[in-house]
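Scroll down for the structure; my scribbles are underneath it.
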């Protein structure tokens, strides 16, 4: 959520910044919310004047009674003032609802470093690590490797649940679990994160706090009989752990790493991404979430990207980093980087992590603040999160990049102690 004061004082600047944002968003609603806010503020001024008048009249009543005067008219005036205040309070409540409705649907303001552009083709590559894997044979896609090696069962996943659900079997299940443990160990032992194992279901306030609601409700899995939502990412429960709290400034930054299953109703509809593990309704991920002071947040974003990189480097998987343009930025981020792993079957890089700085956008929605001393006025924290990284896509990348001509797959060195083997065959 944006700062309403900033909308009032920098209206045209904000409208310009939000143009070409890539969201289905009409910047003219900013004028609407400012008009509603002006109406609300005028009524609040009237209410204060009425309350002052009521206090003055109220003070007259005991004086008149003491003097033996009739207070009938004064009491009637008191009731009339009270009715006006009650009516104005109702108008303010109605305006608050209208303002909040709009404010929850206004996307974040892009950082000036965000490139101009409309689609992912306009994202700017800023780094590559490793070289795309070359083969002296025709490589297989991960879905064929997973089936041939009896690691993945797409047919039974479909039978049990439906399309885009997968059963991991035998060494495939062990590979998934080994990657999870490797990522968590890397982030907690080496990168300084505190591990969290969060709930996989959250309430509406939590989904609103991180920005999934109200805009993306149709993309979420909702438990109809009680109003819970299955989490699309551990970002939601971990960020909302601190909702409506004021944190101690000297404890910042707070850094959490969380493994969870993730659930996405909208999983894509066309192209090769619909095959295999790339777009699933249920998948596993290790998420990195940070809470920090505003002056720390962009340095912490750089570190967050490096932490996500570290697990891919540890696995020897080639990747690149792109800075996301305005039109591809999404609803909540002020600045975002995608890390894309090389996928031979696609002959291109495929997103495996997104690392974002939300500045105070989520903190305002979730009311997460900090202060440096007990007497200091609380300020909103900045929140950041990044995939550290997606597990299923890592499985796919390992199968494709480490495959051998005979159809076997070499286990990356970093996973051998977890897998207790050197080769999948």
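Numbers run from 1 along the shown chain.
The backbone N, Cα and C atoms fix where each Cβ goes, glycine too.
Residues annotated as L-serine binding site in Swiss-Prot: 233, 234, 235, 287, 387. Here the Cβ of residue 233 (L-serine binding site) has 22 other Cβ atoms within 10 Å, regardless of which shown protein chain they belong to.
Of all the Cβ atoms in the protein chains shown, 19 others lie within 10 Å of the Cβ of residue 354 (ATP binding site). Marked as ATP binding site by Swiss-Prot on the basis of sequence analysis: 264, 265, 266, 351, 352, 353, 354.
Looking at 234, 265, 352, the binding-site residues in this record, the fewest other C-beta atoms within 10 angstroms of the C-beta turn up around 265. Looking only at the binding-site residues 264, 265, 352, 353, the one with its C-alpha closest to residue 287 (L-serine binding site) is 353. The Cβ of residue 264 (ATP binding site) has 219, 221, 232, 280, 281, 283 as same-chain neighbours under 8 Å, each 6 or more residues away in sequence. Listed binding-site residues: 235, 351. The one with the lowest count of other Cβ atoms within 10 Å of its Cβ is 351.
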